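Participant: Quick paste from TrEMBL:
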SIGNAL    1-23  signal peptide
DOMAIN    31-74  domain 'P-type'
DISULFID  Cys33-Cys59  disulfide bond
DISULFID  Cys43-Cys58  disulfide bond
DISULFID  Cys53-Cys70  disulfide bond
Amino acid sequence: MEARTFWLLVVVVLALGSSSSTGQYVGLSGNQCAVPAKDRVDCGYPEVTPEQCNNRGCCFDSSIPGVPWCFKPLQEAECTF
């Protein structure tokens, strides 16, 4: 019974840890989401969750008040010769 309790606890901890999306960018590199606060272009709507924002292909960062928390990522530049 103790092993079952342990594994249940492990699953709960992993589920809670993976649901916190602030600062995590699904499918985007950290560099693409390094947008200065003054240059952020809104990509969400009021009360958008980090998961909903990421599903739209956008970055989510709620650490700076007064600016969009869900914003468009920087486009990776392509070099053409």
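Every residue gets a Cβ built from N, Cα and C, even glycine.
On a predicted model such as this, the values are computed, not experimentally measured, just so you know.
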Participant: Provide the number of Cβ atoms within 10 Å of the Cβ of Cys70 (disulfide bond), excluding the reference atom itself.
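Facilitator: A 10 Å sphere around the Cβ of Cys70 (disulfide bond) contains 22 other Cβ atoms.
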Participant: Please identify which of Cys53, Cys59 has the densest Cβ environment, defined as other Cβ atoms within 10 Å, among these disulfide-bonded residues.
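Facilitator: Of the disulfide-bonded residues Cys53, Cys59, the most buried by Cβ count within 10 Å is Cys59.
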Participant: Please report the distance from the Cα of Cys59 (disulfide bond) to the Cα of Cys53 (disulfide bond), rounded to the nearest angstrom.
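Facilitator: Cys59 (disulfide bond) to Cys53 (disulfide bond), Cα-Cα distance: 7 Å.
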Participant: Determine how many residues of the domain 'P-type' (31-74) DSSP places in helix, in strand and in coil.
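Facilitator: Split into helix, strand and coil, the domain 'P-type' (31-74) gives 9 helix, 5 strand, 30 coil.
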Participant: Taking the Cβ of Cys58 (disulfide bond) as reference, which residues of that chain separated by at least 6 in sequence fall under 8 Å from it?
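Facilitator: Cys43, Gly44, Cys70, Phe71, Lys72, Pro73 - these are the non-local Cβ neighbours of Cys58 (disulfide bond), listed in sequence order.
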